[in-house]
Amino acid sequence: MTSTAKKFNWKEFLINNNTFIILLLLIIISAMLSDTFLTTMNIRNILLQQAGPILVAIGLLYVILAGGIDLSVGSIMALGATISALLITDIGLHFSVSIAVAVIVGLLFGVFSGALVAYTGIQGFVATLATMTIARGVAFVLTEGRPIKVETGTIDVLTSKDFLYPLIWIAMLLIVMFTFIQRYTGFGRKVVAIGSNETAVQLAGVRTKVYVMSTYAISGALAALAGVFVASRTSTGSATIGMGQELDAIAAVVIGGASLMGGKGFVLNTVAGALILGLIGNIMNLMAVPSYPQDIIKGIIIIAAVLLQIMTSKKERTI
């Protein structure tokens, strides 16, 4: 009697899930290095701190899936934080309305970047470098270079224990939503197809420019919301929020196994990539490692992770 069951392929399993395996190993190592790592307070802090970066990385993933790049996400974070803070503090709008306005502004910046890329032929690097500068400049003009303190009981409810930390639940809901969009909707499949071969998708009658612009709109909206999350955690809107976040987001996407050439990547893998970066910073803080050496260590780990992805991609083609 012969079995027709397919033999489990460990090699394929390790290649397809290496990001999650790295995350699991990092959690185990972190727990061994620090007694406080697995405490409820520390886990809560990690989730609160990483909710914003995760959203930025998801938005950037959509842009990269379509073959683009978005360097403006950090600046749009600052714009989202400052606009929401100013609308609450100076105009007196309800925090929910302020958040909505901030997200819409971020979306419009994304549409602008996407239109430049899709309809003028300007490279995404150049277009978003310009919008990065504009958004950061607008944030500084609006705040006059000063941090905007937000009243207690407004935007900070997103991180309130009394409301079971809504910020975390919002982030989880968006993770599920964008995972579903990518894997199970025509929009998600077309975005991936555009990144793989835009010409072929155009020949099939798809208006690729609209889809490309839409990915930048998603990225801008999520970046602005991430800025609101930071303002909620710190009760402050500042034009300096999000500096360097574009590089961390790109790193998270790449660590998650996405190709910077487009057409390959998954939301959950990107979330795992962002968590890996967050855990690296968290454990070094718990071990009282100074900030500058942290950057060096983080950079080395990012290079190692990217090299691992390159190696596993080559092996994947041989399976």
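Each position is counted from 1, following the chain as shown.
Quick reminder: no glycine exception, Cβ is built from N, Cα and C everywhere.
TrEMBL: automatically predicted annotations, no manual curation.
The transmembrane segment feature in TrEMBL is assigned to 20-39 (among others).
Counting same-chain residues at least six beyond the ends of the transmembrane segment (46-65), those with a Cβ under 8 angstroms from any Cβ of the stretch are 73-74, 77, 124, 159, 165, 167-168, 170-171, 174-175, 178, 182, 191-192, 195, 215-216, 218-223, 225-227, 229-230, 233, 245-246, 248-250, 252-253, 256, 258-260, 262-265, 267, 270-271, 273-275, 277-279, 282. Taken from TrEMBL, the feature transmembrane segment applies to 46-65 (among others).
Per TrEMBL, transmembrane segment is recorded for 71-88 (among others). With a cut-off of 8 Å between Cβ atoms, the residues of this chain six or more beyond the transmembrane segment (71-88) that come close are 52, 56, 59-60, 95, 97-99, 101-103, 105-106, 109-110, 113, 125, 128-129, 131-136, 138-139, 142-143, 148-151, 154-155, 219-220, 223-228, 230-231, 236-246, 249.
Sequence annotations record features per position, and here TrEMBL assigns transmembrane segment to 95-116 (among others). Within the chain carrying the transmembrane segment (95-116), a Cβ under 8 angstroms from the stretch's Cβ atoms is held by residues 70, 72, 76, 79-81, 83-85, 87-88, 122, 124, 127-128, 130-131, 134-135, 154-155, 157, 212-225, 227-228, all 6 or more beyond its ends.
Here the transmembrane segment (122-142) has long-range neighbours at 63, 68-72, 74-76, 78-79, 81-83, 86, 109, 112-113, 116, 216, 239, 246, meaning same-chain residues at least 6 beyond its ends whose C-beta is under 8 angstroms from one of its own. The feature transmembrane segment is assigned by TrEMBL to 122-142 (among others).
Sequence annotations record features per position, and here TrEMBL assigns transmembrane segment to 163-181 (among others).
Residues or ranges marked as transmembrane segment by TrEMBL: 210-231 (among others).
According to TrEMBL, the transmembrane segment annotation covers 266-284 (among others). Within the chain carrying the transmembrane segment (266-284), a Cβ under 8 angstroms from the stretch's Cβ atoms is held by residues 19-20, 22-23, 26-27, 29-30, 33-34, 37, 42, 45-46, 49-50, 53-54, 57-58, 61, 175, 178-179, 182-183, 248-249, 251-258, 294, 297-298, 301-302, 305, all 6 or more beyond its ends.
Per TrEMBL, transmembrane segment is recorded for 296-313 (among others).
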